[in-house]
């Protein structure tokens, strides 16, 4: 199975798999059952911003999600990623819909990692920024229903004539692997930011967007749609 660390923006509470009974952001370590959550209210049709950071000295993964003029939701969890992730990983975005649906539109995405190694004076770093997405992106690995549209947006799940479709799952991963730790036990610090737009034609919306780090050959697990956000094969 894939090894996944994720931050979920969960728009539909699935209390049967440990979700709180409200919309929330959560930090997930190798399971859809979040290690830490905080209440979050999605604003239908508005552009929000998510910022994720990992401090390798404090060993703390944090996320903050906000809308312009609104309050922010913040969640953090203390975790030593070099005990969990392989040395090389890919970073990605994932989303799903189930019976209920929403658009899972990404307008921009950036990432910076810095791995300071003991063996050399210099730091290994990776940085990318998408302020828009090209029609046939060579620097993204698109999986499932993910696509880029003529407006320069990344649609993680299926949209037809501007309307979200049910039972859809899609992911986008940056093509270049990231070196997150090395054998001298030095772990990379990183920052990621993405802007997103979730909108729905229904009163009920589902299921959410996740930012994730995974082994480099990660693919969408069979049966991981809906509440599993395209990340995990089951709810364990």
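In case you wondered, yes, glycine gets a Cβ from its N, Cα and C as well.
Values in this document were obtained by computation on a predicted structure and should not be read as measured data.
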Select one of 31, 34: the residue that Swiss-Prot places in the Mn(2+) site alongside 8, 10, 19, 24.
34
Identity of the carbohydrate-site residue among 12, 22 (reference: 99, 100, 227, source: Swiss-Prot):
12
Annotated companion of 10, 12, 14, 19 at the Ca(2+) site, Swiss-Prot, chosen from 207, 217, 234:
207
To the nearest Å, how far is the Cα of residue 14 (Ca(2+) binding site) from the Cα of residue 100 (carbohydrate binding site)?
12
Can you tell which of the binding-site residues (12, 100) has the fewest other C-beta atoms within 10 angstroms of its C-beta?
100
Tell me the Cβ neighbour count for residue 19 (Mn(2+) binding site), meaning other Cβ atoms within 10 Å of its Cβ, over all protein chains shown.
20
For residue 207 (Ca(2+) binding site), what is the secondary structure by DSSP, using just helix, strand and coil?
coil
Hey, how far is residue 12 (Ca(2+) binding site) from residue 227 (carbohydrate binding site), Cα to Cα, in Å?
8
